[in-house]
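Here's the structure, in structure tokens; my notes come after.
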């Protein structure tokens with residue numbers, strides 16, 4: 001029994017010495033911080049004033065509760081901010097992705113559809129314009145050719161008319177030489193020379209006329225039968241000239257009609273080319289407008305992407321700063337809470353009257 005009592009006394013003494021050493025260590029730790037020193041100072045003042053211990057315990061416990069509430073509020077607010085941040089990041093990243101898709105799709109439409117379409121339309125217009133130029137060239141050439149053909153016709157008709165007049169002169173002279181006198185023969189011969197000069201450069205009929213007149217010139221006009229044959233030949237030749245004039249005049253009329261029809265055809269073709277150009281220009285204008293619209297949309301979406309990227313970067317930087325602030329505050333609250341709990345343990349100890357700050 002005595003042995004047990006001695007053991008109990010030793011244990012109590014040992015426990016008291018341990019508690020004393022533990023209290024001393026806690027007090028030393030508290031003095032290392034401004035906040036801890038302030039709490040020890042409060043404990044010292046309370047001890048010196050002889051206030052109730054429970055009142056000091058309640059004050060420190062209330063302080064601990066406030067710190068726990070502030071820490072809880074800090075955690076709650078930061079979690080709310082984290083949720084908001086995550087939502088913003090998801091939204092910005094989705095906006096950026098949508099903008100990138102819009103830019104890529106729009107550029108793809110421009111490169112693979114609208115730009116080739118515009119080039120095709122421009123090439124088509126150039127081709128039609130070349131056709132128009134060829135059409136006008138053919139028109140001008142046709143007009144020039146017709147003018148030349150008409151000039152040739154008029155020249156040939158003039159030759160034929162001159163040939164007819166020459167034959168008429170010859171016939172008039174021959175008809176006046178019935179029983180001619182020497183003076184009449186001389187006059188006829190002079191007239192033949194004049195007719196010969198008049199027709200010698202004329203058409204392919206000139207050699208035949210010249211042959212007939214030469215035959216007549218070699219006669220002494222005593223044989224009326226030969227003169228009659230010459231007259232008949234000249235009349236037949238004159239009729240051939242008139243038929244040629246009529247045939248060439250009809251051919252000229254047909255050629256002129258064909259020429260006018262051809263010009264009308266060229267004009268209609270030219271007008272059709274112009275209608276085609278107008279239709280293609282409408283399509284080209286619409287294509288250019290679409291290109292402008294899509295280019296503006298692409299540029300706007302690219303600007304949106306840059307804006308979203310900047311906003312995302314700003315949000316990440318802001319959240320990083322807020323995270324640092326939260327971490328620092330949490331560490332400070334946690335440290336102060338630990339210090340307050342140590343101070344409470346000092347107050348709740350058996351004796352704190354010797355505490356000095």
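For all residues, glycine too, the Cβ spot is worked out from N, Cα and C.
TrEMBL annotations: computationally assigned, not manually curated.
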From 220-251, 252-283, 284-315, the residue range that TrEMBL assigns the feature coiled coil: 252-283
Feature coiled coil in TrEMBL, mapped to one of the ranges 53-84, 85-116: 53-84
Chain residues in Cβ proximity to the coiled coil (252-283) (below 8 Å; excluding those fewer than six residues from its ends, i.e. six or more beyond): 121, 124-125, 128-129, 131-132, 135-136, 138-139, 142-143, 146, 149-150, 153
PLDDT averaged over every residue in the coiled coil (252-283): 97
